[in-house]
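**Q** Below is a structure I'd like to ask you about.
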Amino acid sequence: MSVINSSAQLDRYCVFGNPIQHSKSPAIHAMFASQTGQTLEYSARLAPLDSFVPSVQQFIAEGGKGANVTVPFKLEAYALANHLSERAAIAGAVNTLTFSDGVIVGDNTDGVGLVRDITENAKTAIVGRRILLLGAGGAARGALLPLLAQQPASLTIANRTISKAEDLVQLAHATKTYRGEIEAKTWQDLNGSFDVIINATSASLQSEVPPIPYTVFADTSFAYDMMYSDGQTSFNRYAEQAGARTRDGLGMLLEQAAEAFFIWRGVRPQTAPLFAHFRTKGSV
Ligand code: ATR
């Protein structure tokens, strides 16, 4: 299901991606709209790999009010936006576009979605804690500013390619708002344990786990995999064996969508009923 009501007068939104047929965003936004009494239409649009910008322009010409952007177009959406939020500028990627009076505003709601899921839904504090972020690609970069805004005691970024972790450390220094410690590490360099360990690598997609030592997990550690699946992710299985509490990225998916909905409609939907729905129904 992708359309709530087919009337031409409805405010129209969509998600662009390639592939896009398995996107949960149309169902999520339809549920948000019905829950908040908002009347809108939200569809999934397949943009050809070489035609993201024309696809967006076409949607604007059709009266589109806003769009989510997913793999592989978040960098192109960043380049397309005429105006960027600070968190999108730092992320270097855009997942939420708003079209108004000829201006394309780009935002990134992924990082705030992650932080909200950890701190509010999983009731796990980041402030004052030792955080380990695994990965230094787009997902890690998107999480950087919202994580630092929580003022953890320290942020360690570990990645297979150390230079990319070092780039993120430089970016963090440039924000000048973070007062704690920040460092880049290779997997082999990691020592000591961490309070919150976030997997932002795409290793779980290949059922792999970054080669981190068991010792980074303490009995009280909270491990978060940004990936989600019907079953347990490979990272979360590893973290649980090491004694950690775990959570996957279903809540982050819902929270980033809720933040986009809020940007567009000025109303914040509840994610808990959707979490229960998708977890029970599976196939998220
Ligand atoms: P995304 O947008 O999902 O972050 P990305 O920008 O391609 O995708 O970044 C993928 C991240 O997962 C990178 O940190 C990558 O490590 P490199 O920077 O060394 O490439 C990491 N990654 C991917 N597959 C991995 C694996 N099998 N083991 C460990 N890290 C992996």
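Cβ atoms here come from the backbone N, Cα and C positions, even for glycine.
Bear in mind that TrEMBL entries carry predicted annotations, made automatically and left uncurated.
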**Q** Can you tell which of Asp50, Asp110, Asp117 TrEMBL lists as binding shikimate with Ser23, Lys24, Ser25, Thr70, Asn95, Tyr228, Gln256?
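**A** Same shikimate site in TrEMBL: Asp110.
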**Q** Filter the candidate list Ser23, Thr70, Ala136, Tyr228 of binding-site residues, keeping only entries whose CB is under 6 Å from an atom of ligand 1.
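**A** Listed by sequence, the hits are Ala136.
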**Q** I need the CA-to-CA distance for Ser23 (shikimate binding site) versus Lys74 (active site, proton acceptor), whole Å please.
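**A** Rounded to the nearest whole number, the Cα-Cα distance is 15 Å.
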**Q** According to DSSP, does Gly138 (NADP(+) binding site) fall in a helix, a strand, or coil?
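**A** The three-state answer is helix.
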